[in-house]
Amino acid sequence: MSVPSALMKQPPIQSTAGAVPVRNEKGEISMEKVKVKRYVSGKRPDYAPMESSDEEDEEFQFIKKAKEQEAEPEEQEEDSSSDPRLRRLQNRISEDVEERLARHRKIVEPEVVGESDSEVEGDAWRLEREDSSEEEEEEIDDEEIERRRGMMRQRAQERKNEEMEVMEVEDEGRSGEESESESEYEEYTDSEDEMEPRLKPVFIRKKDRVTVQEREAEALKQKELEQEAKRMAEERRKYTLKIVEEETKKELEENKRSLAALDALNTDDENDEEEYEAWKVRELKRIKREREDREALEKEKAEIERMRNLTEEERRAELRANGKVITNKAVKGKYKFLQKYYHRGAFFMDEDEEVYKRDFSAPTLEDHFNKTILPKVMQVKNFGRSGRTKYTHLVDQDTTSFDSAWGQESAQNTKFFKQKAAGVRDVFERPSAKKRKTT
């Protein structure tokens, strides 16, 4: 049973494609439509054989090995004809055979020649022993013995080198055979791939597809980004160095200007004696001012103590005789209708300054206009603004809230007004310092 016949006996292969090439019994290839069948988990596909194909695989392997064995001699012949090392080795082997035959004629007992290093050394040792015995018998000098030993060592070394060359050639031959067998296997697998079931194509999204060009473009982009980052870092470093240099220059210029300003000061015309006299005058004035303030404070304390010791009649007579002196007494002016009021302040009024002597009751800005001619609804402060007042004046307005708690007439309010409320009781006694106990 041959391989093609075994392959042809296999059932037709089902595929998801529309049509597949199929070889018939005559060897013709034709396209046949494939019926797509539904996949069922655990069910054997229709294209899978019922029996195992181990026998066919073994038969195919046996045929393949036979072909490889037949191809080996041809390759060896070609290699031997083309490789000079093999030719030299063959010549050497023929020479060794002739020498071995000659040695067999002389030696009665047969001798086995091995190819390993230990056997070669044993042969050399036996040859040395035989040669030494012969030399002792024939009384050959030591120089001849050394010469023969050297020749034997050289011959053993040459044989070893030739064996190494043979092994290298065999390795090359094996590698060539393996490559050829791999190529044959690839061809065979390619043919098998044609006969194997075709798998369903899997869709890959466009953003997930990566080609060689895209990979190279991505690597190039990464390289450009790294170069750009290095360039930006170098620019930042240069900019930082430039800023540091500018700051250093500014500091140096500032130091130079300060030194120049100090040098520009002319202290040659100064007179220490005049400066000392001016300082003495300032110190004397300060001492005099502090003494006057201290005397004024003591005088004020003495006056307060004197006024406290006076009786009520004496105090009133003293105040009438010596009234309080007001430095910046303001004349009470007349305000216009709806004029704003400004308080001039209560501090520093004892200083004799022009600003404290001004008339603060004089109208300003819109207070110059006559607001009496305005309608009644507009005669309020800040009309049309969020801070406008509800009433023009409170003189004619009753703002009493009769709904409040303190406006109600109740027993609690009456008791409060009679006992605790100030200004509503019929008591006109002067309150004492101690709090009286009420029962």
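Note that Cβ sites are derived from N, Cα and C of the backbone, with glycine treated the same way.
Per Swiss-Prot, the feature compositional bias 'Acidic residues' maps to 71-81 (among others).
Swiss-Prot lists 112-122 (among others) with the feature compositional bias 'Acidic residues'.
Marked as compositional bias 'Acidic residues' by Swiss-Prot: 131-144 (among others).
Here Swiss-Prot flags 178-195 (among others) as compositional bias 'Acidic residues'.
What Swiss-Prot lists as SUMO2 cross-link is K67 (among others), and the listing cites similarity to another entry.
Residues annotated as SUMO2 cross-link in Swiss-Prot: K249 (among others). According to its DSSP assignment, K249 (SUMO2 cross-link) is helical. For K249 (SUMO2 cross-link), the count of additional Cβ atoms within 10 Å of its Cβ stands at 10 [all protein chains shown].
Counting every protein chain shown, the Cβ of K357 (SUMO2 cross-link) has 11 other Cβ atoms within 10 Å. The SUMO2 cross-link annotation in Swiss-Prot covers K357 (among others) and rests on similarity to another entry.
The SUMO2 cross-link annotation in Swiss-Prot covers K371 (among others) and rests on similarity to another entry. A C-beta separation below 8 Å, combined with a sequence spacing of at least six in one chain, links K371 (SUMO2 cross-link) to K336, F337, L338, M378, Q379.
Here Swiss-Prot flags K381 (among others) as SUMO2 cross-link. Taking the Cβ of K381 (SUMO2 cross-link) as reference, residues of its chain lying under 8 Å away and at least six apart in sequence are, in sequence order, L338, K340, G387, R388, T389.
DSSP assigns K415 (SUMO2 cross-link) to a helix. In sequence order, no residues are near K415 (SUMO2 cross-link), counting only same-chain partners six or more apart with C-beta under 8 A. Residues or ranges marked as SUMO2 cross-link in Swiss-Prot: K415 (among others).
According to Swiss-Prot, the feature SUMO2 cross-link maps to K418 (among others), an assignment based on similarity to another entry.
According to Swiss-Prot, the feature N-acetylserine maps to S2, an assignment based on similarity to another entry.
Look at Swiss-Prot and you will find S52 (among others) tagged as phosphoserine.
Residues or ranges marked as phosphoserine by Swiss-Prot on the basis of a large-scale study or a structure entry: S53 (among others).
Less than 8 angstroms from the CB of S94 (phosphoserine) sits no same-chain residue that is six or more residues away. Feature annotation from Swiss-Prot assigns phosphoserine to S94 (among others).
The phosphoserine feature in Swiss-Prot is assigned to S116 (among others).
Within 10 Å of the C-beta of K418 (SUMO2 cross-link) there are 11 other C-beta atoms, taking all protein chains into account. Counting in whole angstrom, S361 (phosphoserine) lies 42 from S432 (phosphoserine) by their C-alpha atoms.
Using CA atoms as reference points, the recorded positions K249, K418, S432 were checked against K357 (SUMO2 cross-link), and the closest is S432. Counted within 10 Å of its Cβ, the other Cβ atoms near S361 (phosphoserine) come to 16, all protein chains included. S432 (phosphoserine): 7 other CB atoms within 10 A of its CB, across all protein chains.
Taken residue by residue with DSSP, K357 (SUMO2 cross-link) is part of a helix.
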